[in-house]
Amino acid sequence: MKVSARHTMLFPTFPVSFLWTLCSVNVFVLTAYSDLLLEDDPFQPVTSDETVAVGGTVTLTCQVAENDNSSLQWSNTAQQTLYFGEKRALRDNRIQLHRSTPTELSITISDVQLSDEGEYTCSIFTMPVRTARATVTVMGVPGKPQLSGYEEPVLEGERITLTCTSSGSKPPAKLRWYRGHEEIQGQPQDVAPDPDDRTFRVRSELHLTVTRADNEAPIACTVDHPALAEGDKRTERQLIVQCKGPRRRGVGGRGPVRRAFLGDRVYASRTTRGQWRDGVCMHCLGVGSLLTLTPPRPRKPLPPVSSSDSPDVNIRPVSDLPREGEKFLLQCVGIGNPEPTSYEWKKKDGELPLLAKVDGSFLRFELLNKSDNGMYLCQADNGIGQGQGEYVLLVQDPTAMSASSGVDHAVIGGVVAVIFFILLCLLIVLGRYLIRHKGTYLTHEAKGSDEAHDADTAIINAEGGHSSAEERKEYFI
């Protein structure tokens, strides 16, 4: 028992929680000490995190307090060197040098894409090498909201459902509903991630029981997102409400009776304070009554309303001549009633290229390649049916096109030169012919008439008369 007590005194038993607390304190002290050393280190690079929207420009700045003639360097998320001092290391025209001094290296990245998101590293090659990281967060810009669920006038008291959708946002956008300038509460929105481009598609519904006060009131859906200014993306639709008075038998009161047809019923009202449109009382303010007539009197039929159907889909290119190494854009155009609210892009017999980005109804090619050739399909959905369009992409070789264009120009130049030479020869021949035959005439002088004493003798002594007259030619040059 004594030995056991002696061992207990030599090796006391500590609680496990106490040991964990002690280790945590040591780690915290070491971390704080290392941070203090870094803050006091004049050669330690200093960077800052940046946030930018798709298509924008971001500036990455790396600074040190002192420099011993060591070079600063920026690297991208794949640890590829972008700039080493003032020297460009990666051939990307979007990346440009902003400022380079012994204590600062700043670069800019324009036309930022979602693939540019990640950690960028600034290094200074001292002994040892010191580094600092800057996180670039890229926000996806949401598309214009698509509003569906209401197409035709509704009766007072009916309940309607409007649906608003927007895609391409990162982080997920927030949808807001407005009636005029008043914000109204919709249903909790659904958020669905898009695995192709790391963005989100948001959807919200609004359930509304319409009243006569809602007639001609604008119902709007707006997108709230950090990448947008307030009110940048907004879609609205105007409500048309058909209202009626309370039901009762007979028509009392004074004034002319106004009748309106709605289906097989005839509405009669002794009020002139309503708005009548196409035989229907719109936004009636007075007291009306319901009357049933069998059969209703003949009337002119209203124009038919177009029925809902699957959309017709066409794919339109922004350029009819896609060239290798250039940007290219395809637009999916859907026409239907209602209009399409969602689009899906596919490539027949394969997957979409890595550099092809889907942006709602647009398919963007950042850099065309021969491997992008093929048939592309766009499927549009309007909530009632689906339609599909096709487009065959054939990427052209710009070098071959320029060579063939040079050959065509040479052939055309040769033909023009030959025609010009022929015309010149014809002009020379025609000129010589005209010069040789210009000013030719005949002189008929009787030989021997110089020795005659009078005119009669000269005529008698003439040799040959006019028939043997000598032809003389004179040339004027």
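Every residue, even glycine, has its Cβ placed from backbone N, Cα and C.
Taken from TrEMBL, the feature domain 'Ig-like' covers 45-137, 145-240, 311-383. Annotated region 'Disordered' per TrEMBL: 293-314, in sequence order. TrEMBL lists 411-435 with the feature transmembrane segment.
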Mean predicted confidence [pLDDT] for the domain 'Ig-like' (145-240):
88
Counts by DSSP class (helix H/G/I, strand E/B, coil) across the domain 'Ig-like' (145-240):
3 helix, 54 strand, 39 coil
According to DSSP, how is the domain 'Ig-like' (311-383) divided among helix, strand and coil residues?
3 helix, 41 strand, 29 coil
